[in-house]
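As written in Swiss-Prot, here are the features:
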- 268: active site, proton donor (ACT_SITE)
- 22, 23, 43, 44: NAD(+) binding site (BINDING)
- 128: phosphoserine (MOD_RES)
- 1-203: region 'Precorrin-2 dehydrogenase /sirohydrochlorin ferrochelatase' (REGION)
- 214-476: region 'Uroporphyrinogen-III C-methyltransferase' (REGION)
């Protein structure tokens with residue numbers, strides 16, 4: 001690290017600016033925001049600086065620069081178009097061990113100005129160390145868009161209440177949970193709407209509550225690629241005390257969980273070791289009743305074949321508060337990464353999602369509906385029943401030549417797309433690693449044209465082998 005980032009307290013501290021033009025004015029305005037005692041050395045001032053002088057905001061030392069002017073100041077800034085004068089200011093400041101900045105001359109700077117995102121009292125500074133100022137500015141612009149304007153008001157009010165909160169809530173965990181809940185709740189929304197007094201009242205009401213009760217967030221982790229986790233989902237897993245996750249949550253996403261959170265595996269896999277749903281429900285209740293902030297992290301979307309509704313029913317019965325963060329379901333993510341659009345005007349006017357893993361006493365499937373042409377059928381957890389699925393679809397009218405895809409480990413680096421026809425579905429599914437998704441419909445023919453994920457697409461190398469009507473393509 002070439003520059004050490006610090007935030008300097010300039011309140012009422014003397015700062016010397018040498019120069020009276022536009023560049024100097026920009027620096028002066030920045031310094032005044034920090035309540036610095038600004039002194040300007042210049043033969044003359046531009047209109048902006050003249051106005052500040054006449055208002056009494058700055059002290060003007062009219063005349064030439066000399067070394068005595070630096071003696072009792074905290075910072076020195078040289079902002080003239082005279083290279084010789086700037087060099088002299090730098091050397092004098094260095095000799096007196098003063099922090100000095102010569103504008104646009106990094107070699108003559110003992111400190112530099114970062115790009116600033118100001119949400120007073122919250123401040124974010126971005127610097128490239130002078131190597132790429134345009135890049136730093138672009139980064140600042142992105143952060144400006146991300147950080148809400150009311151952050152400063154949130155920090156200001158919470159700072160005034162810190163002592164009361166510390167008195168009321170004795171443990172660090174209680175206080176952390178209180179502030180996290182406050183900043184992510186109605187308090188923040190009121191400040192966003194410029195309802196400051198109502199926000200203060202909300203804080204007071206929340207503090208009077210008993211915050212020992214826990215909370216559960218049901219979060220969809222998406223299909224695997226960590227980049228597809230929603231921003232709100234990321235916020236939830238980084239605030240959690242306990243995360244209960246299933247087998248479909250990728251290691252990439254688990255790496256994003258708060259480091260000191262407890263990770264509890266509650267996964268289910270067909271023909272594998274499973275955690276019973278009743279045990280998962282019991283754990284959710286147990287941790288919430290211990291006053292913990294619990295995240296139930298599910299692959300894909302928790303309300304699409306994820307039994308999320310069943311888990312929330314248990315929480316509702318016990319009056320445990322909860323929230324839901326949707327995720328990108330596997331049918332959306334995996335097909336997109338495989339270059340298979342779910343709908344297309346030429347091939348499919350609808351898409352149907354079904355599960356191949358049904359409750360033992362479930363009513364029979366409407367195969368006639370699933371076998372319709374001009375639609376895309378996506379089957380979750382269907383590889384073990386692929387033979388029966390293929391037979392039933394053909395029995396109810398789907399042609400054996402209908403294109404199909406089996407997408408394994410969708411959206412992840414290990415993704416494999418297995419292409420074939422309905423007659424070969426059982427054979428294809430048997431050779432496909434799980435978890436896998438079955439796609440049935442003419443849209444699969446677009447895969448060759450639209451596949452984009454994986455290095456081999458761009459290298460024009462598509463390793464494959466043929467097994468009757470089976471083709472396997474790997475992105476690994």
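Residue 1 is the first one shown; counting continues down the chain.
Here the Cβ of each residue, glycine as well, is placed from N, Cα and C on the backbone.
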According to DSSP, folded down to helix, strand and coil, what is residue 22 (NAD(+) binding site)?
helix
If I restrict to non-local contacts, at least six residues apart, and a C-beta distance under 8 angstroms, what lies near residue 44 (NAD(+) binding site) in its own chain?
20, 62
Of 43, 128, which of the recorded positions has the most Cβ neighbours inside 10 Å?
128
Could you state the CA-to-CA distance between residue 43 (NAD(+) binding site) and residue 268 (active site, proton donor) to the nearest Å?
78
Give me the Cα-Cα distance between residue 22 (NAD(+) binding site) and residue 268 (active site, proton donor), rounded to a whole Å.
66
Applying the rule Cβ within 8 Å of the centroid of the Cβ atoms of 22, 23, 43, 44, what extra residues of the same chain belong around the NAD(+) site?
19, 20, 21, 24, 25, 42, 45, 46, 49, 80
Indicate the candidate from 22, 23, 268 with the smallest number of other Cβ atoms within 10 Å of its Cβ, considering only these recorded positions.
22
